[in-house]
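Chemist: One structure, pasted below without further comment.
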Amino acid sequence: MEHTYQHAWIIPFAPLPFTMSIGLGLLLVPTATKNLRRMWTFPSVSLLSIAMVFSVNLSIQQINGSSIYQHLWSWTINNDFSFEFGHLIDPLTSIMSILITTVGIMVLIYSDNYMSHDQGYLRFFAYMSFSNTSMLGLVTSSNLIQIYIFWELVGMCSYLLIGFWFTRPTAANACQKAFVTNRVGDFGLLLGILGFYWITGSFEFRDLFEIFTNLIHNNGVNSLFATLCAFLLFVGAVAKSAQFPLHVWLPDAMEGPTPISALIHAATMVAAGIFLVARLLPLFTVIPYIMNLISLIGVITLLLGATLALAQRDIKRSLAYSTMSQLGYIMLAPGIGSYRAALFHLITHAYSKALLFLGSGSIIHSMEPIVGYSPDKSQNVVLMGGLTKYLPITKTTFLLGTLSLCGIPPLACFWSKDEILNDSWLYSPIFAIIACSTAGLTAFYMVRVYLLTFDGHLHVHFQNYSGTRNSSFYSISIWGKEGTKFVNGNLPLSTLKPNKISFFSKKISNKMDGNVGNRIRSFSFRIRFDNKETFVYPHESDNTMLLPLLGLVLFTLFVGSVGIPFDQGGTEFDILSKWLNPSINLLHPNSNVSVDWYEFGTNAIYSVSIACFGIFIASLFYGSIYSSFQNLDFINSFVKKPGSKRIFLDRIINVIYNWSYNRGYIDVFYTTCFTKGIRGLAELTYLLDRRLIDGIANGIGMASFFVGEGIKYVGGGRISSYLFVYLSYVSILLLIYYFYFFSFLF
């Protein structure tokens with residue numbers, strides 16, 4: 001066992017040789033390296049697999065032995081200061097290592113086909129491998145300085161990956177936005193690290209926890225300063241994990257390739273903030289104000305993310321806001337003291353969200369030949385629909401990921417989310433009500449995305465899509481209400497030109513006749529090239545892209561079992577609790593792992609009922625075209641209200657839609673207050689500099705010039721004249737001094 005722990009340093013550095021090899025290959029033999037670029041996938045996957053094998057081995061030993069291991073090397077700078085660096089292996093490290101390596105392997109295999117035609121193929125794999133190295137280095141760090149170093153490397157890799165297609169202005173702006181937003185958190189993290197070093201004199205976790213806890217209990221440190229330092233550490237996690245109010249970078253990060261979105265949203269960047277909170281939780285637990293703040297930020301984020309996901313048209317942005325909401329659940333859990341539930345949901349959500357993002361990549365891959373390669377078209381759910389026939393495997397995997405995120409048993413997220421909901425009732429009923437209500441919203445927006453993508457018929461055919469922003473599909477409301485022909489207006493969904501049918505209309509002017517099915521029986525798209533017509537069909541992805549989806553399906557189905565209690569010698573225990581036993585004992589020495597199955601069943605029925613209600617409402621509004629028309633009278637019986645009641649209902653729907661589609665106006669607020677405010681301040685500073693500062697300096701120079709020009713005519717060039725003037729002035733000064741001195745005496 002000791003031998004295995006000593007060589008755990010291999011885990012973070014295993015993927016690094018691949019990145020270095022690509023760099024050397026492109027530098028020394030660029031032509032050969034580019035010609036053999038598809039062969040580079042194998043070493044990248046192989047090296048990350050080595051790290052995965054080490055991680056699994058360490059995890060098995062920890063489950064059996066329940067030990068924490070730390071190996072350090074001392075670096076002496078001078079006689080008064082030495083820095084120790086090394087690796088820390090505990091349950092949190094092993095969980096994160098397995099998560100990063102397994103998701104990373106799936107994403108790398110998937111990317112081989114997804115990025116095969118991209119000119120930046122090698123650059124993409126180099127960035128991905130270095131990102132895995134940075135994240136693995138972060139989770140194995142033994143002190144705050146190492147964490148900060150790898151924290152910055154993770155941020156740099158995310159910047160490079162988000163802006164991978166840097167020639168696109170939107171991608172360039174997105175990576176800059178992510179970078180600048182995370183600078184706020186990184187600056188706070190650095191100040192917090194320095195503050196705690198000033199308090200405790202140590203960067204090592206165990207020394208830091210013990211010294212700080214003793215100081216707090218003995219009133220040996222100013223509580224306000226300690227709270228401020230802890231808050232600054234938490235600010236770093238808020239920015240990295242896209243928590244309110246530093247969440248604005250997350251939806252724009254979708255400008256990168258889809259495999260990058262899967263990696264960032266599942267196992268790397270957003271997980272880094274959660275990891276930091278989990279790692280430093282012994283610090284936070286002795287400061288009640290910080291624990292309350294963590295839970296409050298988590299609740300705000302989970303509700304805000306869910307509401308912003310309701311009306312998004314971009315499939316990846318919908319999943320991005322879903323990630324934000326689920327990270328709010330994960331952040332809420334440690335804030336209420338539920339350390340186990342936080343890590344459990346981090347695991348289950350990572351695999352489910354990676355499955356959904358890779359599934360969305362398969363969908364986008366099939367839509368691009370039809371609507372074009374612009375993200376505004378290929379990722380727009382308004383143009384999708386009816387893909388079940390052509391993407392059956394992708395559809396099945398996406399459905400399982402959707403149901404898992406909705407919290408439907410026995411899929412993975414059901415077990416973890418239900419545990420967070422149960423624990424939230426013990427902490428605060430208000431937080432619990434918000435969390436449970438958001439679970440219904442989660443089911444609604446996830447099923448909405450699924451139905452718009454796979455159900456019914458290909459929507460592009462109903463809109464006579466022309467590929468321009470003036471196409472009629474922009475006048476269709478996803479809320480079932482006919483809207484104006486503006487991009488930011490209300491968007492309906494199910495209409496047939498020229499007769500429009502609304503779920504909120506007073507009467508149905510036209511019924512769908514039986515010939516409609518014949519007219520749209522073929523889901524092909526007709527494109528004209530040089531007076532020739534070519535038919536393009538949606539198609540299922542290649543096996544290289546489907547294999548990772550199937551692998552993630554297995555995780556989504558079975559990874560929840562690690563947290564299900566089982567009977568072991570008369571006591572109920574689960575693998576995750578046994579895995580986390582040292583950490584749980586460190587945080588809660590008297591923790592009880594017994595399970596009340598009756599209470600669990602009651603709470604599960606309640607949470608599943610909320611999810612089913614959300615699924616039902618989504619199916620009511622976004623079901624297939626045939627079922628929508630067949631049930632139109634039924635739907636209208638609910639939503640058709642006479643006079644002022646209907647107007648009031650429409651206004652509520654418009655407010656919800658505008659709030660969601662415009663991202664809660666938070667981006668507008670930041671743009672107005674910060675971007676425009678800073679530009680206005682810069683213009684004012686420029687004006688003051690040019691008019692005031694430069695005016696004073698230039699004015700003195702001009703005054704000297706004119707004075708010199710005026711007095712140069714006084715002199716005639718005769719020395720006697722200069723002496724006369726000189727003596728005259730001296731005489732005048734002497735007279736003034738004489739009269740002033742004597743007048744002062746007498």
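For all residues, glycine too, the Cβ spot is worked out from N, Cα and C.
Just lifted these from Swiss-Prot, have a look:
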{"type": "TRANSMEM", "residues": "9-29", "note": "transmembrane segment"}
{"type": "TRANSMEM", "residues": "89-109", "note": "transmembrane segment"}
{"type": "TRANSMEM", "residues": "147-167", "note": "transmembrane segment"}
{"type": "TRANSMEM", "residues": "185-205", "note": "transmembrane segment"}
{"type": "TRANSMEM", "residues": "219-239", "note": "transmembrane segment"}
{"type": "TRANSMEM", "residues": "258-278", "note": "transmembrane segment"}
{"type": "TRANSMEM", "residues": "280-300", "note": "transmembrane segment"}
{"type": "TRANSMEM", "residues": "327-347", "note": "transmembrane segment"}
{"type": "TRANSMEM", "residues": "396-416", "note": "transmembrane segment"}
{"type": "TRANSMEM", "residues": "546-566", "note": "transmembrane segment"}
{"type": "TRANSMEM", "residues": "605-625", "note": "transmembrane segment"}
{"type": "TRANSMEM", "residues": "722-742", "note": "transmembrane segment"}
Chemist: Look over the recorded stretches 89-109, 185-205, 280-300, 546-566, 605-625 and say which has the most C-beta pairs under 8 A to the transmembrane segment (147-167).
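Modeler: Per the Cβ count, the answer is 185-205.
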Chemist: Please work out which recorded stretch in 89-109, 258-278, 327-347, 396-416, 605-625 has the most C-beta pairs separated by under 8 angstroms from the transmembrane segment (219-239)?
Modeler: 258-278
Chemist: May I ask whether the transmembrane segment (605-625) has at least three C-beta pairs under 8 Å with the transmembrane segment (89-109), counting pairs 6 or more apart in sequence?
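Modeler: Checked: the transmembrane segment (89-109) vs the transmembrane segment (605-625), no contact.
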Chemist: Using a Cβ cut-off under 8 Å, which residues of the same chain at least 6 positions beyond either end of the transmembrane segment (258-278) come close to it?
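Modeler: Same-chain residues near the transmembrane segment (258-278) but 6 or more away: 92, 96, 99-100, 103-104, 107, 110-111, 114-115, 128, 131-132, 134-135, 138-139, 147, 151, 154-155, 157-158, 161-162, 164, 185, 189, 233-234, 236-243, 250, 284, 294, 316, 319-320, 323, 327, 330-331, 334, 339, 342-343, 346, 349-351, 353-354, 357-358, 360-361, 364.
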Chemist: Restricting to CB pairs under 8 Å, which listed stretch, 327-347, 396-416, 605-625, 722-742, is in contact most with the transmembrane segment (546-566)?
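Modeler: Looking at each of 327-347, 396-416, 605-625, 722-742 in turn, the most contacts to the transmembrane segment (546-566) are made by 396-416.
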Chemist: Rank 327-347, 605-625, 722-742 by Cβ pairs under 8 Å to the transmembrane segment (396-416) and hand me the top one.
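Modeler: By the under-8 Å Cβ criterion, the transmembrane segment (396-416) pairs most with 605-625.
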